[in-house]
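What TrEMBL says about this protein:
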{"type": "BINDING", "residues": "N7, R18, D196, G217, H218", "note": "3-amino-2-oxopropyl phosphate binding site"}
{"type": "ACT_SITE", "residues": "H43", "note": "active site, proton acceptor"}
{"type": "BINDING", "residues": "R45, H50, T105", "note": "1-deoxy-D-xylulose 5-phosphate binding site"}
{"type": "ACT_SITE", "residues": "E75", "note": "active site, proton acceptor"}
{"type": "SITE", "residues": "E155", "note": "site 'Transition state stabilizer'"}
{"type": "ACT_SITE", "residues": "H195", "note": "active site, proton donor"}
Amino acid sequence: MTRLSVNLNKVCLLRNSRGGNSPDPLEAARACIAAGAQGLTLHPRADARHATLEDVIAFAGLPEVASGTVELNVEGDLRPELMRCAYEVGAHQFTVVPVMPGEVTSSRGWRAYDDHDGLAAAVRFFNGKLRVSVFCDATETSVAYAARAGADAVEFYTGAFAQAFGKPSGDALLEELGRAGDYARSLGLRVHAGHDLDTVNLPACLARLKPDEVSIGHAIIADTLVHGLVPTVTRYLEVMAGA
Ligand SMILES: CC(=O)[C@@H](O)[C@H](O)COP(=O)(O)O
Ligand SMILES: NCC(=O)COP(=O)(O)O
């Protein structure tokens, strides 16, 4: 069964737009947990435009997270203060994401020109206390970089697949994801997926890739504006159960 980790960056973004604490990301996290989400994800960026290190600390204090019933996945680049924060609060997973200066959002996985020594050092830093996942392209090369660094998991970037969904190129990209996932599993890695997944493209992704975990943020919060957070998370879990 694939686990759903709800990314709450966008709730933090809305909160930050007024400088107060409304909407409260912790309340949103509690609602996701109440709806049955198995995980929570935050991606604190260096510019602090949405989730912050304080949010990571607050989420880690939720009883379900502290007890391990619900996993906290911290995503981001290899900033020492971010890695230290995830380690010290006892997050369950750190997903290393290649971040390019000025980017609007993530658009690719780990590549040849990324900091491979830094990635291996991060795996050593977390030293088995946290699962380390690497945001990867659906290629053997990208997966091999993660495996060589000693990571436990890969998270496949699904943005290109999501954009092409419903077209022949979407089918081809899904097949690439599936093959890369098979390769990752053959190396003993867990397989995760994320970026621009929604209730429309999710069933096909789950059927071919069979990920251990998906992290979904933007579409859940967009759906939430119309339908509410608990009904939306419930709907995603229903879609996943039916896949
Ligand atoms: C790694 C990934 O695909 C998402 O976490 C994405 O990076 C979300 O970040 P934003 O919410 O800043 O777009
Ligand atoms: N790792 C992907 C993630 O957390 C959420 O991505 P998105 O659903 O906001 O595109």
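Residue numbering: from 1, along the chain as shown.
Each residue, glycine too, has its Cβ placed from N, Cα and C.
What you are looking at is a predicted structure, and each value in this text was computed from that prediction instead of being measured.
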Cβ within 8 Å of the mean position of the Cβ atoms of R45, H50, T105: remaining residues of the chain near 1-deoxy-D-xylulose 5-phosphate: N9, L13, H43, D47, R49, A51
Most crowded position, judged by CB atoms within 10 A, among R18, H195 as recorded positions: H195
For H218 (3-amino-2-oxopropyl phosphate binding site), the three-state class that DSSP assigns: helix
Which same-chain residues, if any, lie at least 6 apart from D196 (3-amino-2-oxopropyl phosphate binding site) yet have Cβ under 8 Å of it: T158, G159, A162, Q163, H218, A219
Taking residues N7, R18, D196, G217, H218, which bind 3-amino-2-oxopropyl phosphate in the record, the widest Cα spacing (Å, whole number): 26
Annotated 1-deoxy-D-xylulose 5-phosphate contacts R45, H50, T105, maximal Cα-Cα distance (Å, integer): 12
Recorded positions near N7 (3-amino-2-oxopropyl phosphate binding site), in sequence order, restricted to H43, R45, T105, E155 and a 10 Å Cα cut-off: H43
Cβ under 6 Å from ligand 2: qualifying binding-site residues of R18, R45, H50, T105, G217: G217
In the chain carrying H50 (1-deoxy-D-xylulose 5-phosphate binding site), residues 6 or more apart in sequence that have Cβ under 8 angstroms from it: N9, K10, C12, L13, N16, H43, P44
The one of N7, T105 whose CB sees the fewest other CB atoms within 10 Å, among these binding-site residues: T105
